[in-house]
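Features of the protein shown, as given by Swiss-Prot:
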| type | residues | note |
| --- | --- | --- |
| BINDING | ASP8, HIS10, ASP41, HIS204 | Mn(2+) 1 binding site |
| BINDING | ASP41, ASN79, HIS114, HIS202 | Mn(2+) 2 binding site |
| BINDING | ASN79, ARG80, ASP122, SER160, ASP171, ARG174, HIS202 | substrate binding site |
Amino acid sequence: MTTLFISDLHLDPARPAITELFLEFLRTQVPGSDALYILGDLFEAWIGDDTPSTAADAVAVALHAVADSGVPVFFMAGNRDFLVGETYAQRAGFRILPDPTVIDLYGHTTLLMHGDLLCTDDTAYQAFRAQTRDPVFQAQFLAQPLAARVAFAQQARAASQARHAELKQGDQSRFETVTDVSPAEVEATFVRYGLDRLIHGHTHRPAIHTLQAGGHTCTRIVLGDWYEQGSVLRVDADGASLEQLAL
């Protein structure tokens, strides 16, 4: 049997082909699996479960069908969709997991994260993350009219794009450092949890890394994004493999 992991789909009405690829994946590749884990950024943006979206409705129906077939579906919030709540979770039939989460994966204890917590060199983002993950901030934000939430999300996205563009125009090595995980934080995370395998997304740099942490050989598996193709990690009792899904 196999457990599937995906992240960083960034589903958006502006990219319907990716949504269709995901729906096809749910119909044809997920049935019969042991579980499906979505480790954040399922959606490009999420400003509340009350936001009208035909695409999100279709995704909810498809995910619920997977769950109804006997394949449990788990969702961990990313930096784009951290406001996904229990209302949508019930519609989609998935269980929301905290970040980080430890699971038993065929006898191998494994740490799951979205991955943004590992990017500690990006201090500006970490400050923004701390603010927006605060329950008081979220309650106040969700209480605002939909139009105000849309405006805030657009402003935040524009600011993020401008910052990334500025970084790209500067020192390329600095851009790569800021947008990737901190090696020191990765090592500290392995030591903190006392585990030797970590699965995460966020950086859009799919790979399977082997490293030393706390005197142990550890494995860090990075999930791929769904911008120009699909990406899935398949894990079974014999190992793990990253695969691309063609449009």
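Each Cβ is built from the backbone N, Cα and C atoms, and glycine gets one as well.
Looking only at other Cβ atoms within 10 Å, the busiest spot among the binding-site residues ASN79, SER160 turns out to be ASN79.
Within 8 A of the CB centroid of the Mn(2+) 1 site residues ASP8, HIS10, ASP41, HIS204, the other residues of that chain are SER7, LEU9, GLY40, GLY78, ARG80, GLY201, HIS202, ASP225, TRP226, TYR227. The shortest Cα-Cα distance between ASN79 (Mn(2+) 2 binding site) and any of the binding-site residues ASP41, ASP122, ARG174, HIS204 is the one to ASP41.
The binding-site residues recorded for this entry are ASP41, ARG80, ASP122, and the Cα of ASP41 lies nearest to that of HIS202 (Mn(2+) 2 binding site). The Cβ of ASP41 (Mn(2+) 1 binding site) has 30 other Cβ atoms within 10 Å, all protein chains considered. Here ASP41 (Mn(2+) 1 binding site) is positioned 8 angstrom away from HIS114 (Mn(2+) 2 binding site), judged by their C-alpha atoms.
Checking each of the binding-site residues ARG80, ASP122, SER160, ARG174 against HIS10 (Mn(2+) 1 binding site) by C-alpha distance, the shortest gap belongs to ARG80.
Apart from ASP41, ASN79, HIS114, HIS202, the residues listed for Mn(2+) 2, the same chain places the Cβ atoms of SER7, ASP8, LEU39, GLY40, ALA77, GLY78, ARG80, GLY115, ASP116, GLY201 within 8 Å of the centroid of those Cβ atoms. Separating the Cα atoms of ASP122 (substrate binding site) and ASP41 (Mn(2+) 1 binding site) is a whole-number distance of 18 Å. Across the structure, ASP8 (Mn(2+) 1 binding site) and SER160 (substrate binding site) place their CA atoms 17 angstrom apart. Ranking the binding-site residues HIS10, ARG80, HIS114, ARG174, HIS204 by how many other Cβ atoms lie within 10 angstroms of each Cβ puts ARG174 at the bottom.
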